[in-house]
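Taken from Swiss-Prot as is:
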REGION    1-33  region 'Disordered'
TOPO_DOM  1-56  topological domain 'Extracellular'
TRANSMEM  57-77  transmembrane segment
TOPO_DOM  78-139  topological domain 'Cytoplasmic'
TRANSMEM  140-160  transmembrane segment
TOPO_DOM  161-315  topological domain 'Extracellular'
CARBOHYD  228  N-linked glycosylation site
CARBOHYD  254  N-linked glycosylation site
TRANSMEM  316-336  transmembrane segment
TOPO_DOM  337-395  topological domain 'Cytoplasmic'
TRANSMEM  396-416  transmembrane segment
TOPO_DOM  417-601  topological domain 'Extracellular'
CARBOHYD  452  N-linked glycosylation site
CARBOHYD  481  N-linked glycosylation site
CARBOHYD  488  N-linked glycosylation site
CARBOHYD  503  N-linked glycosylation site
CARBOHYD  550  N-linked glycosylation site
CARBOHYD  565  N-linked glycosylation site
TRANSMEM  602-622  transmembrane segment
TOPO_DOM  623-736  topological domain 'Cytoplasmic'
REGION    717-736  region 'Disordered'
């Protein structure tokens with residue numbers, strides 16, 4: 001390739017002959033190092049430092065900042081769209097919630113009518129049943145009382161009458177027996193007394209002879225009275241009168257029947273009067289008002305959530321701008337320090353090259369890539385053997401070439417950008433649970449409003465039902481209580497009247513207490529049992545319509561209904577929080593998923609780019625390993641003639657180019673040793689083909705710049721450095 005074809009001399013006035021720039025040279029022919037501030041064709045330290053502000057790392061950081069700002073802008077747009085969709089979804093949920101919370105309003109009228117009709121039918125049926133029950137109880141009660149009274153009173157009458165008749169008969173027979181026995185006894189006594197009187201009288205006559213006069217004994221009068229002794233005729237008169245006075249209890253029975261039937265008939269009359277005109281008042285039932293829920297626009301709702309996210313992204317944007325811009329500015333400091341060290345290192349390497357370089361291409365590489373070459377030299381120290389050290393340096397040079405480093409830096413910058421976006425996305429995701437919690441509270445508000453309306457309606461309706469219970473208990477079962485009281489009073493009157501009759505009949509006689517005990521045993525105990533039963537009826541005779549539950553219109557009741565209608569139903573009623581949460585938070589989740597997908601894609605691309613760099617590294621290592629165990633060659637030992645010999649002749653320009661010093665010596669004082677760089681020349685071209693030299697070895701040595709196969713030659717006399725646009729030509733390899 002001829003450089004003169006692309007850069008003619010006449011068109012490059014900025015590149016005169018190097019020796020013509022300044023005529024002053026050292027005695028060895030080398031141009032001295034230019035003084036500070038001098039004009040040079042290459043960039044000096046100040047020129048390099050003037051370009052620090054757009055170094056590669058600053059540019060990469062600014063590119064990362066630009067990508068992050070683009071991502072934040074896209075996220076802001078997505079959040080605005082998500083806010084709009086979330087508000088739309090919230091409005092629909094708000095409408096559904098308002099409708100559900102207003103459900104008691106729509107259902108109350110029908111339920112009130114149903115309740116009123118049920119109460120009317122229940123009361124009418126109750127009245128009819130009560131009338132029939134009262135009639136049945138009346139007849140049963142009267143029959144029971146009549147059975148007891150008539151049976152037991154007839155028994156008492158039988159017993160008393162039999163006893164009276166027996167007593168009168170006994171008295172009559174006793175009178176007859178007494179009359180008969182007293183007459184006979186009087187006659188016998190009279191006969192015995194007559195003989196005794198005669199004896200006594202004779203004895204008295206004897207006594208009288210002695211001057212004492214004895215009275216005569218005469219018992220005719222007492223004996224006559226004894227003979228006439230008998231029971232009085234009026235002894236049975238009282239018993240006959242008592243027999244005639246024994247009652248048949250007909251009056252008691254009639255009085256008792258009338259007294260027993262009177263309260264029952266009164267109750268039946270009142271029941272008939274109430275049945276005919278009873279109508280339940282529907283207007284007393286409450287009707288809940290409609291509910292209009294407002295939770296989408298309230299404080300702490302969706303607006304607050306998205307405003308918080310917008311503030312978060314704005315803060316993140318400011319932080320990224322501040323951090324990355326400051327980092328881009330601060331990175332100029334180490335880059336400036338790096339340039340200064342690189343400048344000093346380049347100057348040091350120039351002297352090092354003059355002393356120790358083996359290959360002009362190696363010299364150019366060391367000077368142009370100081371850090372990569374330093375890393376290669378450091379890596380080469382880990383191995384022994386010249387060949388392996390060269391291969392280690394070659395691997396480092398291969399993976400730190402500008403294209404490879406650009407590939408690596410591009411991948412690292414992409415990953416760093418993904419990391420920045422991931423931090424922002426993580427901050428956004430942390431706020432999503434708060435939205436889920438807020439949205440879950442929407443359902444709680446609907447549930448609370450519905451429960452509140454249901455509870456208010458139930459309280460009002462239950463109050464009406466309780467008033468109806470009280471009214472029925474006072475009007476109907478109050479009569480029942482009066483009836484039971486009247487029946488109890490009637491029974492008491494019956495007992496009292498019966499006791500009075502017995503008292504008037506048997507009072508003061510020996511039969512009063514036995515008859516009273518018999519009455520208590522046969523009738524009194526039964527009447528006491530009936531009175532206890534009537535008292536129990538009076539205490540428990542009341543109606544109690546059941547109250548409505550407070551959650552009649554609540555979500556639990558509606559949930560049960562929905563489950564009964566559809567066992568697989570998946571509705572807002574069955575799980576009010578989840579559906580609302582899914583419907584609104586899904587919008588935010590979709591945005592975060594979209595951003596996360598973009599970050600994942602960028603991270604994959606960056607990882608692929610970095611993996612390509614690692615693949616390049618692997619290729620370099622594999623290539624180096626294929627040449628790792630070759631034999632080392634001594635310096636200048638080409639192992640005979642090359643298979644592809646160098647050209648025998650070079651043009652004048654090319655020959656001149658081979659004589660150009662590789663660096664300009666520094667300023668030295670006269671008398672100091674010459675430290676100019678040695679001049680490199682190649683071995684004389686071989687004219688014969690060495691059959692023992694492998695073409696593959698030649699190809700590999702050519703790729704490595706024929707390291708170790710050149711002889712070092714130092715010119716003894718100085719010469720003036722000449723500028724040349726020489727042409728470099730190779731027979732088999734042309735580099736463009």
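Heads up, the Cβ atoms here are built off N, Cα and C, so glycines get one too.
Feature annotations (Swiss-Prot) mapped to structure.
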| residue | record | Cβ neighbours (10 Å) |
| --- | --- | --- |
| 254 | N-linked glycosylation site | 10 |
| 452 | N-linked glycosylation site | 16 |
| 503 | N-linked glycosylation site | 13 |
| 550 | N-linked glycosylation site | 16 |
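Looking at 57-77, 396-416, 602-622, the range that has the most CB pairs within less than 8 A of the transmembrane segment (316-336) turns out to be 57-77. A gap of 64 Å separates the Cα atoms of residue 503 (N-linked glycosylation site) and residue 550 (N-linked glycosylation site). The DSSP breakdown of the topological domain 'Cytoplasmic' (78-139), given as helix, strand and coil counts, is 61 helix, 0 strand, 1 coil. Each residue contributes its Cα atom, and for residue 452 (N-linked glycosylation site) and residue 550 (N-linked glycosylation site) those atoms are 9 Å apart. Taken together, the residues in the topological domain 'Cytoplasmic' (78-139) have a mean pLDDT of 76 on the 0 to 100 scale. Between the alpha carbons (Cα) of residue 254 (N-linked glycosylation site) and residue 550 (N-linked glycosylation site) lies a span of roughly 56 Å.
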